[in-house]
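Heads up: the structure comes next, in structure tokens.
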């Protein structure tokens, strides 16, 4: 009998309970930081000490494998001071959205599979030891005892380990379909039933070891498959979590930083230069320029002034803007367009994987073969026991152990190789689809070009004008000014001594030189003739005529190599962009792309790809913007750089982690080799079956032969997968 | 062959211990950070007294 502890002082009893309640009410905040630069024990110590020294931090732990720090802190602690603390300690740190990360923290499914794999491994080793003594001549009572012990180990082990197969098979059968798991489950159950029956009659042949080894190999395949996908998913989620959705709200004259999900229609928001619009809205204050390239593909900045509507995803370039929100969250045009893309039929949905195609041929074949063997022997000998034994042997021999490993072993090896080269394979059939690609369609802005602008035609200009331009350009944070200043500094130009230098947001910069007004900015502000087709900034000194400084987009690293390598591999390369004709033509000429299309709307891109695919081409789309998402999902396979908009990354099968494009041709070659390897594996597995099945049907297949054939084919297939370079 | 009566249960028991140890290590998140664990052992921070 137990009695509750009774304290004389009620407060003593109440205090811990109250504390516990208070603790529950104010739950600890969990913060996550991404630490791309850490690599050793000293890094771990330094970062953990720096974080633990911060006020409000309860516990900080660095995970070196994920290059991440998880921090348990008092509620309400902001991540910014922690990021600063880590930077002060000498390491790069970025805040991660803990809500997005938390979903992956515990990989339950993976752990579950690992447990089953461990139990299957343990049980199959023990049963195999007992079987070896039976095969090497244990007789009579000893053999029976070994069989009974094997049965005692096998039944609970199978009941636990083979659950995923049973569940999948049941799900397929209940909707009237056949999949790989149906013959697997049938083979395991039939083997167990006949073996138990044989054991009861003190027979010679029992397949307990075969049933367990089968389960073990198949679980190994499933686990590999799961791990590959889990790694890709966690990396993709980390990319998403790096963009912490925050906005600066103006409330009662005060600025406060809030989560984008807390914004409401009618809120006043401040958007600083360089920041992305968090919501759809109308500008109430400020003048600036907007970069809409992620939405339209056009590089030329658009002027912004009070009264103008802006949509989420556009980038504010020059001056601070105040917005009044008109649509938030799921109602913004960005979110609505992203959803439309998700609804559209995607290329991957139409694709049947190699494994599924193999299963479609294989599953009915195996059942018919085993049923025929059973019928033949039953009518031939009239002995139900022999007939059942033969049927079980046929099912076990043909069981797709090697088939179950054939695909995951290759995809794991290939994805690992590609991941090290900076490619993240997100979709399970992406490799197979990449291998079939014969046409590659590139987007221009943000994909082939990096979005960094470079001034052209700086040679042969008046040095005086250049030095004035440099002085004016350095007075502004506008991307064009920064690019111009960088290029001029690189050429050794010294800035002229201007006085009263000031920036006019939305227009340009101006200053005085020897009593002359010098201005650098938009064509319309300077009264220049007209806007050119190309992106340009204009310079006017005093009353002199305005002169243009045209810009081109700089190429992304590896773009030239990628295009050349793809063309050398015999792929058709097409450039489709939403940008102006002149810009697209110039780039196509530079890269040697003969087929190009300018001024394409998002719908045009998708339509062109559908048209190409209808003509029999297998299209790989490479793009980054919202205007590409429809094209990305309608193409046979798709790649987007990690700088792409979240919606584009979600729509594509492969994400390029670095800024370099040169891994694209490599990925196509690796995919082709991987697919060839998968087919080879199927052939190896078939050869084993062709050799062993006649033995099983003829009734001379012993459990020893079954075990040998099964293990040998699985090991060969795994080794063949590892040959992939 | 009488020795089998002892040997088989003993071998199963020992194997089972290994299995239980493995299950315990998975359940207590010991495979979350394999790279970090291999580095942490080199850190001198907790050499003199264990981490509280």
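Placement of Cβ uses the backbone N, Cα and C atoms for every residue, glycine included.
Taken from TrEMBL as is:
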DOMAIN    A:29-94  domain 'HMA'
TRANSMEM  A:113-134  transmembrane segment
TRANSMEM  A:146-166  transmembrane segment
TRANSMEM  A:178-200  transmembrane segment
TRANSMEM  A:206-224  transmembrane segment
TRANSMEM  A:361-380  transmembrane segment
TRANSMEM  A:386-411  transmembrane segment
TRANSMEM  A:686-710  transmembrane segment
Cβ pairs under 8 Å between the transmembrane segment (A:113-134) and the transmembrane segment (A:206-224), at least three: yes
Cβ contacts under 8 Å made by the transmembrane segment (A:206-224) with residues that lie 6+ beyond its boundaries: 110, 113-114, 116-117, 120-121, 123-124, 127-128, 130-131, 134, 147, 150-151, 153-154, 157-158, 161-162, 164-165, 184, 187-188, 191-192, 194-195, 198-199, 392-393, 396, 399-401, 404-405, 407-409, 412, 703, 706-707, 710-711, 714
The transmembrane segment (A:178-200) versus listed stretches A:146-166, A:361-380, A:386-411, A:686-710: most Cβ pairs under 8 Å: A:386-411
Average pLDDT across the domain 'HMA' (A:29-94), rounded to a whole number: 85
Contact set, same chain, for the transmembrane segment (A:686-710): CB under 8 Å, 6 or more residues outside the stretch: 128, 131, 135, 205-207, 209-210, 213-214, 217, 369, 373, 376-377, 386, 389-390, 393-394, 396-399, 401-402, 716
Same-chain residue ranges lying at least 6 outside the transmembrane segment (A:386-411) that approach it to Cβ under 8 Å: 180, 183-184, 186-187, 190-191, 193-195, 197-198, 205, 207, 210-211, 213-214, 217-218, 220-222, 224-225, 228, 353-355, 358-359, 362, 366, 369-371, 373-375, 377-378, 425, 428, 431, 674, 677-678, 681-682, 684-685, 688-689, 692-693, 695-697, 699, 701, 706, 709-710, 713-714, 716-718, 721-722, 724
Helix-strand-coil residue split for the domain 'HMA' (A:29-94), DSSP-based: 21 helix, 20 strand, 25 coil
